[in-house]
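TrEMBL has this to say about the protein:
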TRANSMEM  40-57  transmembrane segment
DOMAIN    72-129  domain 'Homeobox'
DOMAIN    119-312  domain 'TLC'
TRANSMEM  160-178  transmembrane segment
TRANSMEM  190-211  transmembrane segment
TRANSMEM  232-259  transmembrane segment
TRANSMEM  279-304  transmembrane segment
REGION    322-344  region 'Disordered'
COMPBIAS  325-342  compositional bias 'Acidic residues'
Amino acid sequence: MEALLNDWLWQEEYWLPPGISWKDMDAVEGEGHLPRPRDLIYTFPLALSFIALRYVFERLVAIPLSRLLGVKDRIRVRAPLVPKLEAFYKQNSRQPTQSEIISLEKQCGLSQRNIQSWFRHRRNQDRPNNTKKFCETPWFWHQKECWRGYPKQLVARPHYWYYMLEMAFYLSLLFSVSVDVKRKDFKEQVVHHIATILLIGFSYCANYVRVGTLVMLLHDSSDVLLESAKMLHYAVWTTTCDSLFVVFALVFLVTRLVVFPSRVVHTTLVVSLDFFQPFFGYYFFNALLLVLQALHIFWAYLILRMVYKFAFSGKVERDERSDADSEVDEDEEQDHEEDEGECSWQQRNGTINSKLASLANNCVLNNLTNQRNINSRLRKTR
């Protein structure tokens, strides 16, 4: 099986330009080493280490830091325990249809309004709070240097570790994506993580390391700003958050919509052909880059919408990528206001009833007193 896998998976035409063999690669000498597919096995324990480090960091650093910065969690109404509704919520749907609500009404003996309110409160219990969200070279200037001597290019130790840590990081994101805050672009995020992992893994095996470092560097430059802005948003540092968001938007739009296609995609699609003939790896690698570029355009659209709102409202209201799963239902707040209004009305009504009862009692007492006085006068007259 291993021999069959090696014969099929590691065919030279998949990974190397025409005229280059694995033996030619073995004969390369100099400082550094050639990338080997088996090196990527180290990214899996590193990914697990990232997850463990993140777990410890969130509890020992992020949560105390969020409290220090003044991050406050919204107080949410907990749904009362109703076994049949809880079973439906977990096994069927978190948002029942009208016909399902009618069926649940018959089973539980609750009104439709109470059932709808219960599901809203129950969904909000599963939503993350603000504290949790607080805690989720030469060829850079001269692109021809990416391909000079390709594929017989040795990988320096810093670039090797950059690759290993970057791939381990994205593996950890993919492993933990199901428990992170879900947003509108959840599917796009999964596609992005998979495409990035494939890009890193394939570019390492095919020795596209020089181009790969450029791709990772462009992505990391704006991601740091985004995560910092999100932390400040949950800490309600509005002015600093808005300023940092503007910087992030500029960096993102320039790196993802200008530098990435004009430098990276252009050099892999056009400049590389000056050094070797197209092969499978050429088409596969460029296809993944184009998938990333499509995602960049999608996110740039969301960011520009936020910039537009910021320009007219003067502040960033919320993340355009936020999903209903990460925001409290407006209906719940409306329900809460209605409940408060109802309680207030009941209090006022109770006060009025109390006053009416007091007046009624006074009237009765006065009537009894008058009646006694009349009877007393009649006796004296007799």
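Including glycine, each Cβ sits where the backbone N, Cα and C put it.
Between the transmembrane segment (279-304) and the transmembrane segment (40-57), fewer than three CB pairs separated by 6 or more residues in sequence fall under 8 Å, so the two stretches do not touch. Within its own chain, the transmembrane segment (40-57) has Cβ neighbours under 8 Å at 135, 164-165, 167-169, 171-172, 175-176, 201, 204-205, counting only residues six or more beyond its boundaries.
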